[in-house]
Amino acid sequence: MRKPQFFEFGLPAVLFHRAKKVLRNLALKLGGISLILGSLLLAWHLIIFGFSPEPWLFPPPNDVWSRLGELWRSGVLQPHLTMTLTEILAGYAAGIGLSFLVGYTISQQPLLERLITPYLVVANSVPLVAFAPLLLLWLGNGITAKIVVTALIVFFPATISTINGFHAQTAMHQRMMRCLGAKKWQRFLFLELPSALPGIFAGMKIGAPLAVVGAVVGEFLGTGQGLGHLILEANGLMDTPQLFVTILVLGTVGVVFYSLIALAEQIFIGPWAEKNRR
Amino acid sequence: MIKVNNLGMHFGRGRGHTQVLKDINFHLAPGEFVTIIGRSGSGKSTFLDILMGLVQPSEGTVERTNRASMSYVFQKPALLPWRNVLRNVYLPLQVRGVRRADRLKAGMDALRKVGLSYAAHLFPFQLSGGMAQRVAIARALAEDPDILLMDEPFSALDPILRENMNFNLLSLWQRTQKTILFVTHSIEEALILSDRIVILEGGRFVQSFEVDIERPRTYESFQDPRFSELYRQIRNALPHQPNLPRLAPEEEEDP
Ligand SMILES: Nc1ncnc2c1ncn2[C@@H]1O[C@H](COP(=O)(O)OP(=O)(O)O)[C@@H](O)[C@H]1O
Ligand SMILES: [Mg+2]
């Protein structure tokens, strides 16, 4: 019999096979998305054709396209986009990273959890956006304040989700790990973390669009660069096509960001998550 | 292999105090297949947990000769759903820090012993109940333990599959020369498998039966006169419905 190789059965192999499958599904999904986008674009054209609204109220698609081209070619759009992306990514990474540490710590201490969880839920239901002016007041108008706003908005729902994730492991599996004589770090790596992944990813998916909101709200309040700033500017100049361009770019950023997280989720969490656990 | 002296176990104190095991003396010889039968809640799992070292006994001692190693098979397979079959099977070796190539080989060997090497890449949700339990047994074998503790491993399976799994386990036991301590509610299962059956009742090992049915055992063994005789004796040693008579001994044939 042929000697089995690690790359056929080990974790890299599992992830590779899953990635292949997921990408195949993705192609299908992209088809669906193009169909929907196509219909929306058609509807847009029809509205322009049917009602011929004033261009400064509702610009035709071609105006928006050419405006996007202008903004890109003149190099106006890029620095704003880069700034906003930086805020989103940094704030998201900080918020998710912190939610992981805090969520795990809380989940390990039943007393702490009973004390803190109610406040987490309350904090989560307060519109955190309302705190943004305060944060800008305290932290100044730099990028730091915007990253903190983004991180904070991402942090609370992700933490709640992470705590739930770390409670997903079953007593049966804990007992099994104990029988194997697994050390604490091994129990974490082989049981607790994988069981928590669905919860962690749920938090990351909730957090992705929130990060975009956080960054833009931060930019609304401060002055300087960023797509939020570009929106304010366009609004002030009644430049509706630029408003549309910015909204389109922000929407694309949000959708792509969310999809990347969802893709990672599908690769790291196999079909077992939905099926019966054994 | 294992020697248990005056073992006792109780949980809780005051009004919540329950004495689960008391005055248990028990010996497990190398290569032996011993089965414990007892009602639900009679303390069988607690006894295995103590042997495994998962819980400390309240009284008495457990001696293991030559640091004999043990693996535990539960009623449920307890496979990790995110690991494929092979990665589940070599988990114990990974915990012990065995090198990749070695744990892969040992994992495959263990899977071959339960006849599942073809399923190495499947995930637990793709397995039938019987396959999943065989994977759990392969996981226990991967460590190459001296002793297998098996706590009602086939209780969740349908009767025919269960019977087949019994013969599967027997041939495995004969090939690998393991020592097995098995727990079941089923007298038939105990009789077809064991060298010796002990009855756990009221926290004590109240009776012990040598199963002198010829080996290797087959489906024919169910028809063996010793089988029905032992069945009757063991059934009578277990709790009864009060308004029903006990099984009578079989009529002696006149010479
Ligand atoms: N951790 C525990 N705390 C309190 N009582 C327990 C505990 N574990 C088991 N018991 C009690 O010990 C008795 C025996 O349980 P168990 O060993 O699981 O029985 P069996 O496996 O024979 O069905 C039961 O009455 C159960 O309630
Ligand atoms: Mg039990």
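Using N, Cα and C of the backbone, Cβ positions are placed for all residues, glycine too.
Curation plays no part in TrEMBL annotations; they are all automatic predictions.
Since this is a predicted model, take the numbers as computed values, not measurements.
Annotation comment: TrEMBL describes A:26-51 (among others) as transmembrane segment. Residues of the same chain lying 6 or more positions beyond the ends of the transmembrane segment (A:26-51) and with a Cβ under 8 Å from any Cβ of it are 58, 60-61, 263.
The annotation domain 'ABC transmembrane type-1' is assigned in TrEMBL to A:81-262.
Annotation comment: TrEMBL describes A:88-107 (among others) as transmembrane segment.
When Cβ-Cβ distances below 8 Å are used as the criterion, the transmembrane segment (A:119-139) is approached by residues 145, 148-149, 152-153, 156-157, 159-160, 163, 213-214, 217-218, 221-222 of the same chain, each at least six residues removed from its ends. As annotated by TrEMBL, transmembrane segment applies to A:119-139 (among others).
Within the chain, the transmembrane segment (A:145-167) has long-range Cβ neighbours (under 8 A, six or more residues past its boundaries) at 87-88, 90-92, 94-96, 98-100, 102-104, 106-108, 113, 117, 120-121, 123-124, 128-129, 131-132, 135-136, 138-139, 192, 195-200, 202-204, 206-207, 210-211, 213-215, 217-219, 222, 226. What TrEMBL lists as transmembrane segment is A:145-167 (among others).
Taken from TrEMBL, the feature transmembrane segment applies to A:243-269 (among others). Under 8 Å from some Cβ of the transmembrane segment (A:243-269) lie the Cβ atoms of residues 15, 18-19, 22, 25-26, 59, 64, 67-68, 71, 77, 81, 84-85, 88, 197-198, 201, 204-205, 208-209, 211-212, 216, 227, 230-231, 234-235, all in the same chain and six or more residues away from its ends.
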